[in-house]
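Listed in Swiss-Prot for this protein:
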type: ACT_SITE; residues: 8; note: active site
type: ACT_SITE; residues: 69; note: active site
type: ACT_SITE; residues: 141; note: active site
type: BINDING; residues: 8, 141; note: Mg(2+) 1 binding site
type: BINDING; residues: 69; note: Mg(2+) 2 binding site
């Protein structure tokens, strides 16, 4: 059994999703939640909350591997920079505990789950719910975190079949 922590980083809310993968490659939902960072003071205090909150979550759930969504250029450069800072704090929380970090672009996650890189949030939420047999509507950040964990599980399974590491299984010639 392998436990994967998926992280959808954000400067206001960071999505957390944890799944277990059995020997047959089947995914089982363990936990999902938003890590709310608003109301934690200034931006540096929010980053501190993210670092400590993820650390506590890692200590509680003991994942074997971590998958995190890459930064994308969104509405503005300032937003992208804040997202990059939050992502950096999340990665620090992970590597401080000697866990491997695997990174996936949002388009790669959408392609892996829905079959098209331009899928919308509703399609991703729906597919995550189906794949993990979850009832009710998922919040977007939790769905994205679970989606990146599922994507890593698929890449991991493909890598094992091919006898390569996960980076080789996912990389493409440019």
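Here, residue 1 is simply the first one shown, and the rest follow in order.
Heads up, the Cβ atoms here are built off N, Cα and C, so glycines get one too.
Most other Cβ atoms within 10 A: among the active-site residues 8, 69, 141, that distinction falls to 8. Cα-Cα distance from residue 8 (active site) to residue 141 (active site): 6 Å (rounded to the nearest whole number). The two recorded residues, residue 69 (active site) and residue 141 (active site), have Cα atoms 11 Å apart.
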